[in-house]
Structure formats: structure tokens, C-alpha cells
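Here is the structure we will look at.
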Amino acid sequence: MRPLQAEIIKALGVQATIDPETEVRRSVDFLKAYLKKNTFLKTYVLGISGGQDSSLAGALTEKAMQEMRAETGDDAYQFIAVRLPYGEQADEADAMAAIDFMHADVVKRVNIKPSVDAMVAAVEADGSKISDFNKGNIKARMRMIAQYAIAGNNAGAVIGTDHAAEAVTGFYTKFGDGGADLTPLYRLDKRQGAALLKVLGAPAHLYEKAPTADLEDNRPALPDEVALGVKYKDIDDYLEGKDVSDQAAETIEKWYQKTAHKRHLPITVFDNFWK
């Protein structure tokens, strides 16, 4: 095993093998424990894209809320699933299939296009130009603004979908989809997440669909693996302590080092990870 590989595995808490049912229970109990400790909270809010990660996080959250209602008799415990399209979403059917699978208590829809376009126009008013990539990050951050607005109106906390295969590459928007209150998938790689969806009875297309952030107008539905330059299979193998090609390992480690700032709170004078 490569020296940095061992360090990364330890930092992200990845196990080489898992029991999916045990990990489902672990995440559900985690979500319930947070509510029991913070009794002022009654809802969890999650943006739903129609991909594997939000499908899994949503299913775990709904299960936690069902158990909270059963255990406390308090029907105020609700899971709010939020659709956050930029205009019309090409894979809207997948998003609705995910919502149907998870049986969300409440479903909301917020079209982020007007607010994103307004922000782009405001910044460009001085003659500067927002790149398509930068605009994609604005979309991700606007989605989180909407989720926190909904959570604020409903005594809620926001659920994030970050997992080990994203964390190692930093493949999320800082203070966008990377900004949340709880991340119940943290510690799981991509194939492990799919295994949890299988035991939860998810339709296969929800975890077999090619992962995409789908943030760029000029490159719609760009596969994550194309953007990263490495396959999720290699990322998962690396995180599980297996041998991968030097090229794959070097690509993963390059992303890990480049995106270290994303895995930290704002940097203070006491931090030295970046030096």
C-alpha cells in the first residue's frame, strides 16, 4: 500500500469491506441521535438530483424520520426533499423516481435559474465575465442557499451527500454541495453506497446511472469520471486498500492534495495543513 493511501484511508474512515445492513443502521441511528440531542430540530432537508448519492441519503433520512415518529409519537418529524433544477432538468424523471423510492414526507421544488442568472448578471455588471465553470459553482451554492432557507423555515438541518469517493477527490463545490449540517454517507465509497441502496430495495437505475455533477451549461451531464480523469472503480479500490495503477493512484493523490482546503473549515493562523 502506498504511504499516502494509508493516510487517506484512515482520515476518511473507509473500511475495506462492509456489511450494508449494518451501515444502513449506523447512518439511521446517527441521524436519529442528532435529533434526540438537538430537540429544537424537527426536519431534515435534502436536495434531490436523481443520482445515487441523494437517493441513498434521502432513503436513510426518511427511514430515520419514520422511526422518530414511531418512537416519539411526534408527527412533526419530517423529511423534506427538494428538487432544485436550473430551469428544466434533462433527467427530471430520474429525480422523481428517486423521490418515489424514498417516500419523502414533503416534496418542494425551487427553480434556481432566476437567482443564478441574476447573480451572474450582477457580477458581470462591471464588465467582467463569469466562466461557465464558475457559474456551475454558483448553481451549487444557490441550491444550498435554498435548502438552508427551507430548513430555517421548518426547524430543520440540511443533509449533505458527501462520501469518501467525493471527499478524496474534493469533487464538490466548496460551500455549495460541500456545505451541510450532517453527512450520513461519509466513510462509504461509491460501490459501498450502491450496496446500501440494493439492500434498501432501490431501483437499479438509481445506482447504475453514470454519476455527473451536471453543473456546466457548455458540457451538460459531464460524467464525473471524465472530469476527474479516473474511474470510480479505481477510486474505490484505492480507498479499500487495494492495488491500483500508478497513474490512477497519482491522479487520486493529486486531487486529494489539491483540494485539502475543502476538507477544512476556513483556515486560521493555527492551521498548517496547507504549508
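Including glycine, each Cβ sits where the backbone N, Cα and C put it.
Listed in Swiss-Prot for this protein:
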BINDING   Gly47, Ile48, Ser49, Gly50, Gly51, Gln52, Asp53, Ser54, Thr161, Lys190, Thr212  ATP binding site
BINDING   Asp53, Glu166  Mg(2+) binding site
BINDING   Arg141, Lys174, Asp181, His261, Lys262  deamido-NAD(+) binding site
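Distribution of Swiss-Prot features across the structure.
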| residue | record | contacts (Cβ under 8 Å, 6+ apart) |
| --- | --- | --- |
| Gly47 | ATP binding site | Ser54, Val82, Arg83, Leu84, Arg143, Met144, Ala146, Gln147, Asp177 |
| Ser49 | ATP binding site | Leu84, Ala95, Ala98, Asp214 |
| Gly51 | ATP binding site | Asp94, Ala98, Leu206, Lys209, Pro211, Thr212 |
| Asp53 | ATP binding site | Thr161, His163, Glu166, Leu185, Gly193, Pro211 |
| Lys174 | deamido-NAD(+) binding site | Asn137, His261, Lys262 |
| Asp181 | deamido-NAD(+) binding site | Ala157, Val158, Ile159, Gly160 |
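Less than 8 angstroms from the CB of Arg141 (deamido-NAD(+) binding site) sit Thr173, Phe175, Gly176, Gly179, each of them six or more residues away in the same chain. Farthest C-alpha pair in the ATP-binding residues Gly47, Ile48, Ser49, Gly50, Gly51, Gln52, Asp53, Ser54, Thr161, Lys190, Thr212: 19 Å apart.
With the fewest other C-beta atoms within 10 Å around its C-beta, His261 stands out among the binding-site residues His261, Lys262. Counting other Cβ atoms within 10 Å of each Cβ, the binding-site residues Thr161, Thr212 show the lowest value at Thr212. When secondary structure is read from DSSP and collapsed to three states, Thr212 (ATP binding site) falls in the strand class. The deamido-NAD(+) site in the record is lined by Arg141, Lys174, Asp181, His261, Lys262, and its two most distant CA atoms lie 18 Å apart.
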